[in-house]
């Protein structure tokens, strides 16, 4: 049997945890079950513990390894398939035995030990050859996991919907007859004994946080004229259940046409969260959402790492005892329904900064997670590899029906086509003008398609020319990146496109995972200092435009420049490696530094005045990206030397030390005063990330003409709105003089 040996990230990049003896009590049907039988590694990419055989952990050698092997292993772990596999101990070297070697599966085997191999314990490999797999983050039907709803085998309740009896084009449908999927059609629920708590559970399943009373008389007249198939009756939910199947209920046997004496089909009315409301007449009180809980790092609305606000600073929640009940309180608090999944092990990426809560235990009735029982955190209790996350039920909006991709090699890529309505009411597919199309627009397109994150937004798609759709129907699309649909973004009222040929239409490459870069703010504050550097030592820096414009008129090589120096440590806390957009063929050789630079603009360093005007900037022209250090157990993959591959691995960081060229802002021309130091990573959104809101870092800066002080250094999204307002006010003191 398989056991999960660690907590994992979104894409479930898994080392393999196999036990021939039973790891857990699986029950009579021997269904595979998730367990946590080994210690958690201290990082978010799973690591070594691979195979458990005869009471001892070991690994699998990568000789003859294939995607077929990975598929067998992923299915044994409860996932639908593998998306890849790794060799050469990518996730760290294992310890102990190497249990299997030369494994050759056809792909259809139910267990790894049914595949051909050299036999258990027979190997000529070293741990440098340990294999790993990457599983698709989608569960097999019937896989049992206490923190994931899977009810296909309970009471026959598989899918629930609301059928509106009044024709409407408005989405989402918030009121109607409750129906459950049954055989080849839909069946109703008898409402005898129906209670508001039953309605609460149904609304939660359908993505709505609240329920309201419904006019039954209207529906009685409507339903009396129709024939019904009653499948369920005597439903008795408590109200905290996350699925109807978890409630006590009775199922009609046979052909499910039994009558509902004294009753009618169950009807419910739900209150949508504010994100889904178009009718301002709804009571604002009920639609108010929290400002002390948020979700970060998810691809879709209603999923992400849970973060809470305490003492004006955002922090994460530790996953100890994290359950669907607690996750549902978070989801409803944020204006969604109940929780579909309560995710552990930083599956939505690691947070930065404090961890505010541990062992959260909600009953399910609380209005806020802060009303639940929880423990305050000590540094020994938890680390960010244990950050809790959720996937909430969200209302069905049918947004994916008005967008499609064509011409791509896989369903994750292609030319974007959208459904447009013409003046006469007919609907047809059309293209989007590629001009100004970028990463943020691609993020929205991928979200609308349900394909995760954007990997790339493309302005030309001549290589995906397989469709007969040639007309541009959208142009000037400009998104913030958080919209649910491209139709919610700004765009031209009338199509205006310079290049109207189909080959210049917009395209996307989507991905189930994305990187997420964050700067270590405290290190900037700790490492800052001023250096007066002689001009004769700055020729290389001048060549790279790392000095302010006035340097050009200086009396070279005499004199000096005053430099504000600091270290930048950039962490990848996402679920995919950060790779430069440009291919190796276009990297630029810099003789000064003796390596290739892969990105023209990777970071902006700016000094801002009290009104936000730039008074100085760091002209760091280009960068070389590499893994300087990694969390324990994670191997470095990228280095600049010898024309090596460039990037930042998940769980690693790239350190630009204070003493290297261009790691500064030239403040030679700056007068004493109060300023804001701002550092922005990936400022032009060249490379896709799961979260751009944490790319900026700000510090209060005080300069007296001789010395400099930084304080309040923080990520752009780390403080509450109130604290951020106070921070912004700091430079605007009554006078701009140092006291």
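Note that the numbers count up from 1, one per residue, in the order the chain is shown.
Note that Cβ sites are derived from N, Cα and C of the backbone, with glycine treated the same way.
Listed in TrEMBL:
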DISULFID  61-125  disulfide bond
DISULFID  74-135  disulfide bond
DISULFID  105-115  disulfide bond
DISULFID  237-247  disulfide bond
DISULFID  318-382  disulfide bond
DISULFID  331-392  disulfide bond
DISULFID  362-372  disulfide bond
DISULFID  479-489  disulfide bond
DOMAIN    51-136  domain 'SRCR'
DOMAIN    160-271  domain 'SRCR'
DOMAIN    293-393  domain 'SRCR'
DOMAIN    403-511  domain 'SRCR'
From disulfide-bonded residues 125, 318, 362, 372, the one whose Cα lies nearest residue 489 (disulfide bond): 318
Minimum Cα separation from residue 372 (disulfide bond), reported as the residue among disulfide-bonded residues 135, 237, 479 that achieves it: 237
Interface check, the domain 'SRCR' (160-271) with the domain 'SRCR' (51-136), three or more C-beta pairs under 8 A: no
Disulfide-bonded residues compared (74, 115, 237, 392) - highest count of Cβ atoms within 10 Å: 392
PLDDT averaged over every residue in the domain 'SRCR' (160-271): 86
Residue 135 (disulfide bond): tally of other CB atoms within 10 A of its CB: 25
Cβ neighbours of residue 372 (disulfide bond) where a neighbour is any other Cβ within 10 Å: 19
Nearest of the disulfide-bonded residues (74, 105, 362) to residue 61 (disulfide bond), judged by Cα-Cα distance: 105
Cα proximity to residue 115 (disulfide bond), best match among disulfide-bonded residues 331, 362, 382, 479: 382
Cβ neighbours of residue 479 (disulfide bond) where a neighbour is any other Cβ within 10 Å: 23
Rounded Cα-Cα span from residue 382 (disulfide bond) to residue 479 (disulfide bond), Å: 37
Among 247, 318, 331, 362, the most crowded of the disulfide-bonded residues [Cβ within 10 Å]: 331
Neighbour tally for residue 489 (disulfide bond), based on other Cβ positions within 10 Å of its Cβ: 18
